[in-house]
Amino acid sequence: MRHRAFTTAGLLLSLGLAALGPADAHDYTAGPLKIGHPWSRATPGGAKVAGGYLTVTNTGTEPDRLTGGSLEAAGRGELHTMSMEGNVMKMAPLPNGLDIAPGKTVTLAPSGNHLMFLELKTPLKQGERVKGTLTFERAGTVPVEFAVESLAAKAPAGGGASQDRSGHDHTGHDHGH
Amino acid sequence: MATDPRPTPPAPQRGSTLILIAFALALVGIIGATVAFLPRGDRPASLSVVGGPFRLESSKGGVVDAQALKGKPFLVFFGFTQCPNVCPTTLADLGSLLDEFGARGGDLQAYYITLDPERDTPEVMREYMASFTDRITGLTGTPQEIERVARDYRAFVKKVPLPGGDYTLEHTLMVYMMDRNGGFAGPLDLNAGHPLALEQLRKLASGGRTT
């Protein structure tokens, strides 16, 4: 029965992802923390910096805090926040990290709080997965992979990219048309 | 008594009505003339308070002199290469828009001026800009030259120190549309979608009003 419940949940999850999620969403669990689809963006030639974006949901009863992150390809990572004031882009480091209260989801995105990776040694290329970590006050350091989206990506890929989501579908009825 | 003519209005009252009418006609004339002679897209550059001459090093080699751009509208955008979020996505978006405009027979060039001349050398700019369309040229210069062009364009820039000892920049994030005389024709709105932005570019290129 447990198995069936799991299968149903899995089915619902995949349906949900197929409907609105990124093409190749990937998730991690660290204790009560659910880490959703860490992603970055392909970097222009010679770029020394890259952004890191993801969601973290605290399903537990204790608060936790995201304090930083790293990328194998970069010297270091810092938590920053970005905001627009009229036509001006404002930036500020978040030295105290980001609280993740029980039951809450924290989103890191290009238009707000994000990880900034500095001293990039190798460019990030669209379509690859790059190794890194996320560091939490309670959950510790969690190894993750960042999916590298296109140079123009303002959000994880959806739309067009979902067409090549699964090779299996193409072996089925799709080819009959 | 019924045959008595009604007294004519007192002369002073009639006079003031005439003055009012004359005044209203004059006002309409003044407004009409003002509207008719309002500066259009091709107003003289001297009237523009945003923009100005520049002579900066090009990511394609050599220099770009704003004097040489006379007669051709162009776009300007400020940023820096160590900008992780919005600069590269704006460059990519603007690049695809300019290519789309090009595919429809339009021809507009954009200039990406760094606000971080200490780190963004011509070589850094050359490598960075190679990731975007040829229609965008990166420009850099001495700190004094960059300060001057930023001031002329009323672009805000401020260094923000980072915990690791580095710094990042806060800056104006706007694509300036400049008319054929180098005068500011308004900001390009990339957030409203490409069809509207293409219409803005079309108006800019044809010399009409853009906003």
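Placed from the backbone N, Cα and C atoms, the Cβ positions cover glycine too.
Per TrEMBL, Cu cation binding site is recorded for B:Cys83, B:Cys87, B:His171. The disulfide bond annotation in TrEMBL covers B:Cys83-B:Cys87. The transmembrane segment annotation in TrEMBL covers B:18-38.
Taking the Cβ of B:Cys87 (Cu cation binding site) as reference, residues of its chain lying under 8 Å away and at least six apart in sequence are, in sequence order, B:Gly79, B:Phe80, B:Thr81, B:Leu173. In the shown protein chains, 25 other C-beta atoms lie within 10 A of the C-beta of B:His171 (Cu cation binding site). Taking a C-beta cut-off of under 8 angstroms and a sequence separation of 6 or more, B:Cys83 (Cu cation binding site) has the following same-chain neighbours: B:Thr168, B:Leu169.
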